[in-house]
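Asker: As annotated by Swiss-Prot, active site, proton acceptor applies to Tyr147. What Swiss-Prot lists as NADP(+) binding site is Ile6, Asn80, Tyr147, Lys151, Thr184, and the listing cites similarity to another entry.
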Amino acid sequence: MELYIITGASKGLGQAIALQALEKGHEVHALSRTKTDVSHKKLTQHQIDLINLEEAEQQFETLLSSIDSDRYSGITLINNAGMVTPIKRAGEASLDELQRHYQLNLTAPVLLSQLFTKRFASYSGKKTVVNITSGAAKNPYKGWSAYCSSKAGLDMFTRTFGFEQEDEELPVNMISFSPGVMDTEMQAVIRSSSKKDFHHIERFRKLNETGSLRSPDFIAGTLLSLLEKGTENGRIYDIKEFL
């Protein structure tokens, strides 16, 4: 049995990963701002606001200290929580909007990954961290200066972390995984923005109208299959590789 720790697990991709991991017989710690009505004997829900970094650090350390690692053949952290807003051109977002965005999309996953690595330094089982990224990490979009740059930063953290872990006797394996366009609440937020703020809005509206958005269940299954087969440390994976 393995243990999965998943952020942003109350909806969308995070919830799909959690439910499928439970179906496979694994235990899940689900982190989100709001708890869901999902009940399972192997599911533990934690109400954590990752934008509040100091509080999140304390709560996550408490969670990690409660884990008996000897019970698991592998432990995986999936940094899934994120936001696309502010959808605005550079120069138009407020300080508060930028702080919230980068704290959730970049600083929080870096912080949680560090805490995870320290806590399980002597653990000899399989240790994995997955950072959910986006094609926006490589491709600029007008109106997504914050989102593109935060995901690009997260990908470089993945690459650097993997490079550093080559020096470790019991390394943590970290990857980034780009799920592509999914039928989630984030896509609804994108479609509700304006042409002025987001130049590519019509493309994303068309993806929805033509049924081209992939389901979170499909993406979750693909990711879990990849993790079962094994991954290359520091690599950026894209869903397009598995279609």
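Yeah, the Cβs are placed from backbone N, Cα and C, and that goes for glycine too.
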Asker: At the Cα level, what's the spacing in Å between Thr184 (NADP(+) binding site) and the residue listed as 'active site, proton acceptor', rounded?
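Answerer: Pair distance, Cα basis, whole Å: 17 Å.
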Asker: Counting other Cβ atoms within 10 Å, pick out the least crowded of the binding-site residues Asn80, Thr184.
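Answerer: Among the binding-site residues Asn80, Thr184, the sparsest Cβ neighbourhood within 10 Å belongs to Thr184.
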Asker: Give me the largest Cα to Cα distance among Ile6, Asn80, Tyr147, Lys151, Thr184, the residues the record lists as binding NADP(+), in Å as a whole number.
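Answerer: Max span of the NADP(+) binding residues, Cα based, is 21 Å.
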Asker: Give the three-state DSSP assignment (helix, strand or coil) for Asn80 (NADP(+) binding site).
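Answerer: Once the DSSP labels are grouped into three classes, Asn80 (NADP(+) binding site) ends up as coil.
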Asker: Distance between Tyr147 (active site, proton acceptor) and Asn80 (NADP(+) binding site) at the Cα atoms, whole Å?
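Answerer: Approximately 14 Å lies between the Cα of Tyr147 (active site, proton acceptor) and that of Asn80 (NADP(+) binding site).
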Asker: Could you list the residues of the same chain, at least six apart in sequence, whose Cβ is under 8 A from the Cβ of Lys151 (NADP(+) binding site)?
Answerer: Asn105, Thr133, Ser134, Ala136, Ala137
